Amino acid sequence: MTGYEARLITFGTWMYSVNKEQLARAGFYAIGQEDKVQCFHCGGGLANWKPKEDPWEQHAKWYPGCKYLLEEKGHEYINNIHLTRSLEGALVQTTKKTPSLTKRISDTIFPNPMLQEAIRMGFDFKDVKKIMEERIQTSGSNYKTLEVLVADLVSAQKDTTENELNQTSLQREISPEEPLRRLQEEKLCKICMDRHIAVVFIPCGHLVTCKQCAEAVDRCPMCSAVIDFKQRVFMS
């Protein structure tokens with residue numbers, strides 16, 4: 001699947017919203033399961049495409065460590081995708097705050113080097129900013145170590161996911177299949193899109209792959225951080 005034409009053939013009579021030529025150029029080929037595609041180089045899988053989504057942008061968003069992506073688009077493109085996405089989310093939130101609170105955030109959070117470090121690891125700007133705000137409000141000071149910040153971010157992401165699942169469960173009368181679909185997607189390996197996630201990467205804390213796919217990588221497919229240790233977990 002290293003060749004563009006070979007990848008393009010796999011799409012056959014592709015009937016989904018994203019252009020198959022763009023998908024093939026971005027390194028993806030169809031795996032024959034609805035609109036699921038997979039990168040020939042990094043093995044990263046994507047599905048549930050929305051109209052007007054850019055395959056290159058989605059590739060950079062979810063698998064920034066892919067060498068094919070890096071060769072074709074470069075580090076600057078990947079960094080811009082993540083930075084633009086983070087700043088767009090932050091702009092809406094910041095404009096809603098009072099001037100005094102905005103100044104306090106700028107003075108205590110934006111100069112903190114751990115803010116950029118967390119973003120480079122794949123965390124969303126607004127999530128990092130929010131958790132730093134909460135830290136300042138409860139303890140009077142910002143984070144001192146990146147390890148503690150990452151641990152709190154991972155914990156917050158887990159709580160958010162559980163809350164979202166609980167909220168969708170209350171909407172079963174409106175859409176009975178939606179909560180189950182989202183739960184299944186949350187638990188799927190982001191590389192093979194087939195088996196359940198089962199390994200946490202240390203130190204970045206991402207839980208995105210099954211045991212088999214985790215054995216084949218030495219960098220986190222989510223944030224491209226070097227993996228020091230792989231911790232097996234068992235999902236209920």
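From the backbone N, Cα and C atoms, a Cβ is placed for every residue, glycine too.
Since we're looking at a predicted model, the values are computed, not measured.
Mean model confidence of the repeat 'BIR' (7-70) amounts to 92 (pLDDT, 0 to 100 scale). Annotation source Swiss-Prot lists repeat 'BIR' at 7-70.
Annotation source Swiss-Prot lists Zn(2+) binding site at Cys39, Cys42, His59, Cys66, citing sequence analysis. Sequence-distant contacts of His59 (Zn(2+) binding site), defined as residues of its own chain at least six apart whose C-beta falls under 8 angstroms from its C-beta, comprise Ala26, Gly27, Phe28, Cys39, Gly44, Leu46, Cys66, Leu69.
Tertiary neighbourhood of the zinc finger (189-224): same-chain residues 31, 33, 36, 38, 42-47, 62-66, 120-123, 147, 150-151, 153-154, 230-235, selected by CB-CB distance under 8 Å and a gap of 6+ residues from either end. Sequence annotations record features per position, and here Swiss-Prot assigns zinc finger to 189-224 based on sequence analysis.
Its Cβ placed at the centre, Cys42 (Zn(2+) binding site) has 23 other Cβ atoms within 10 Å.
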